[in-house]
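Asks: Let me begin by handing over the structure; questions about it come next.
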Amino acid sequence: MKFPASVLASVFLFVAETTAALSLSSTYRSGGDRMWQALTLLFSLLPCALVQLTLLFVHRDLSRDRPLVLLLHLLQLGPLFRCFEVFCIYFQSGNNEEPYVSITKKRQMPKNGLSEEIEKEVGQAEGKLITHRSAFSRASVIQAFLGSAPQLTLQLYISVMQQDVTVGRSLLMTISLLSIVYGALRCNILAIKIKYDEYEVKVKPLAYVCIFLWRSFEIATRVVVLVLFTSVLKTWVVVIILINFFSFFLYPWILFWCSGSPFPENIEKALSRVGTTIVLCFLTLLYTGINMFCWSAVQLKIDSPDLISKSHNWYQLLVYYMIRFIENAILLLLWYLFKTDIYMYVCAPLLVLQLLIGYCTAILFMLVFYQFFHPCKKLFSSSVSEGFQRWLRCFCWACRKQKPCEPIGKEDLQSSRDRDETPSSSKTSPEPGQFLNAEDLCSA
């Protein structure tokens, strides 16, 4: 049985970020910054409430008679209680022999083109731990992109406008960045396990390192670009946010309406149609929040029973990063044109170059992950290197197709010049064999 390290990491980030945010809000209150205090508390307490609801929903505690658990969640102590419960299950699992076990069947990764199916016994204690890990993984994603991401953006914006970075603010920004990166990492792992549910997935440590570097560069550069643009064009950033929000929020629903599929009713038996709609809207909101800061790694599919598309679409991945890179470049260009005196001692061209290189570095680590460290790379129909080779061949073929056109044009020009320079006698007295009859003319 695996040690529940992911649960411990989720609880640590949750407690550390909440404590740092409450401490910093008290500092803003003592300094008279009521607006910064209100926003800091909002981006701290809202994800806390959503995390409590997520844990209750996954464990189905609302339909069970557990008043103490409900009280602890109301007091925002639900994650601590769940963590204590997880470690109690973990340490007591080896002492008692379980009379009831369930058997799960998983397929191993193909070796030499062959894939074997193996059976594994899962006891009640291990099943409970799996449920807890799943619940905390989803809670970490919610905390990261509905709380930590706007919190990091806010605190970095305050630091830029005040031209000062306090200890409390730097601590909160560091924890928030770690929380976002960890949430993105859990999102990647969740996507892999959902898409390849029938396989036994084992993620290697180097894969975790590669994902961590990929997400760190991607999220850090994205947040810095948004903060720089907001500091000089506060009104237009609302337009950018609304365009991003409605694009990602409406995209899954448009696909659902175009598919003509019936409304999904099998999400949770206890939910009514209104409750199902609320859950789907919340999932779409979470999907939108993830894609506003980084690639979500999963595609929301409302007409699917799992609500997740299990097909890996390289085209959507390519389009997302191309559009995001162009958007970041445009926002940096506008910041460079309209920057104010607060950036007097900043080398603007160097900063723009560093941010663009940082985003390209994130893309590089992503390609390295999919090429070398993806746990299910053997199941891909084509790898990253093969796709790049195909693109290179198409590019070379297009270049070769254009090159022969140039000498043909030169020969035609030279032949026309030669005809112009020929004497008039040759034009008026051609040889008999040079004339075209009617059949030749029609065939021409």
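Glycine residues also receive a Cβ, built from the backbone N, Cα and C atoms like all the rest.
From TrEMBL, here are the annotated features:
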COMPBIAS  408-422  compositional bias 'Basic and acidic residues'
COMPBIAS  423-432  compositional bias 'Low complexity'
REGION    407-444  region 'Disordered'
SIGNAL    1-20  signal peptide
TRANSMEM  35-58  transmembrane segment
TRANSMEM  167-185  transmembrane segment
TRANSMEM  206-229  transmembrane segment
TRANSMEM  235-258  transmembrane segment
TRANSMEM  270-298  transmembrane segment
TRANSMEM  318-338  transmembrane segment
TRANSMEM  350-373  transmembrane segment
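Describe each of these features in terms of where it is and what it packs against.
Replies: Counting same-chain residues at least six beyond the ends of the transmembrane segment (206-229), those with a Cβ under 8 angstroms from any Cβ of the stretch are 149, 152-153, 156-157, 160, 177, 180-181, 184-185, 188, 236-237, 240, 293-295, 324, 328, 331-332, 334-335, 355, 358-359, 361-363, 365-366, 368-369, 372-375.
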Asks: Counting Cβ pairs under 8 Å to the transmembrane segment (235-258), which of 35-58, 167-185, 318-338, 350-373 comes out on top?
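Replies: Of the candidates 35-58, 167-185, 318-338, 350-373, 318-338 scores highest.
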Asks: Hey, which bits of the same chain come close to the signal peptide (1-20), Cβ under 8 Å, at least six residues off its ends?
Replies: 44, 48, 51, 76, 79-80, 82-83, 86-87, 90, 93-94, 125-126, 129, 132-133, 136-137, 139-140, 143, 147-148, 151, 168, 171-172, 175-176, 178-179, 182, 186
Asks: Are there residues at least 6 beyond the ends of the transmembrane segment (350-373) whose Cβ is under 8 Å from a Cβ of it, and what are they?
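Replies: Answer is 204, 206-207, 210-211, 213-218, 220-222, 224-225, 295, 321, 324-325, 328-329, 332-333, 336, 380, 383-385.
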